[in-house]
């Protein structure tokens with residue numbers, strides 16, 4: 001057996017180009033259906049796990065899938081925002097705990113999630129270091145967000161402008177990092193959490209001004225006397241909230257009118273959840289309530305249907321490829337007739353020659369299976385995060 005393996009190995013090694021081509025071809029034929037099936041199954045399980053841990057979501061009427069993915073993966077919403085009075089209405093009903101989400105802004109590629117401290121308890125997120133946000137301008141970083149932005153507790157991050165031509169309205173805000181979350185293995189790792197009021201500051205709903213009485217440049221003032229000073233438009237809003245200026249920050253208008261992209265609702269019990277759903281189904285206003293697990297289940301069903309079609313196509317193509325490979329092996333044996341005849345003449349038994357050829361095929365097949373397995377593992381490690389990145 002050892003001699004047979006040695007001769008088979010030396011033959012494959014000598015014709016390494018042909019051997020490598022055969023191994024890669026067979027590996028891909030095995031990997032495509034296997035890897036696709038693994039990716040869809042793992043991705044579906046992760047999608048459903050996060051959705052099932054989120055009882056109810058309230059948002060503006062529109063695409064249920066868009067609302068669910070926005071709320072679960074902090075994808076910038078493409079549907080209208082609700083007013084904060086919707087949160088107040090849910091609180092007044094006392095059937096569950098509403099957790100608002102404001103998802104309009106980013107720090108580079110990391111989403112800013114304007115919410116409340118209830119979100120950390122709802123998702124069971126633990127702090128690795130620091131504390132939760134307590135006042136305007138503070139934020140808590142997800143583990144990967146902190147790593148990607150290379151910031152630590154005591155550092156700061158600046159929100160990105162919402163658009164290239166956003167000359168009014170939202171403006172970059174420098175936020176103090178007061179905490180970093182432990183890695184949870186969920187989209188929360190990529191997010192930057194801040195109080196919803198801070199997200200309203202970013203949107204321009206609130207701002208602070210310089211102390212007008214302390215301004216020495218008269219061009220910044222329209223009028224100034226001993227009792228009052230009137231600012232000109234040249235007095236800039238602060239882009240950083242500090243202990244010195246926090247008291248100068250004020251909100252414009254009624255906070256009940258301020259935007260909320262989605263509301264996660266944690267009902268008190270099953271009966272409360274059913275009552276809430278019934279009330280929203282009967283109302284004719286601009287809000288809708290949905291069960292994310294049901295919405296994501298429909299999305300997963302579509303993914304599985306597409307997967308089954310692709311796997312079927314892959315199996316058919318694989319059978320055709322294996323038939324071609326079998327033909328290639330048969331043709332190779334025929335072309336090696338002189339070589340095999342020489343082996344017989346020097347005393348090699350028929351069984352020995354058969355074992356050499358079988359080992360050549362076996363080495364190629366086993367190598368291809370190992371490579372396809374490694375590719376599937378790589379798919380598991382990098383494919384799922386890529387899908388989540390695409391979703392968000």
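The backbone N, Cα and C atoms fix where each Cβ goes, glycine too.
Automatic, uncurated: that is what TrEMBL annotation is.
As stated in TrEMBL, the feature transmembrane segment covers range 20-40 out of the listed 20-40, 41-61.
Segment annotation: TrEMBL labels transmembrane segment over residues 352-379 (candidates 268-295, 352-379). It is 309-332, from the ranges 237-260, 309-332, that TrEMBL records as transmembrane segment. Residues 1, 3-5, 7-9, 11-12, 19, 22-28, 30-31, 34-35, 38-39, 329, 333, 340, 343-344 of the same chain lie 6+ residues outside the transmembrane segment (352-379) yet bring a C-beta within less than 8 angstroms of a C-beta in it. For the domain 'MacB-like periplasmic core' (20-203), the model's average pLDDT works out to 89.
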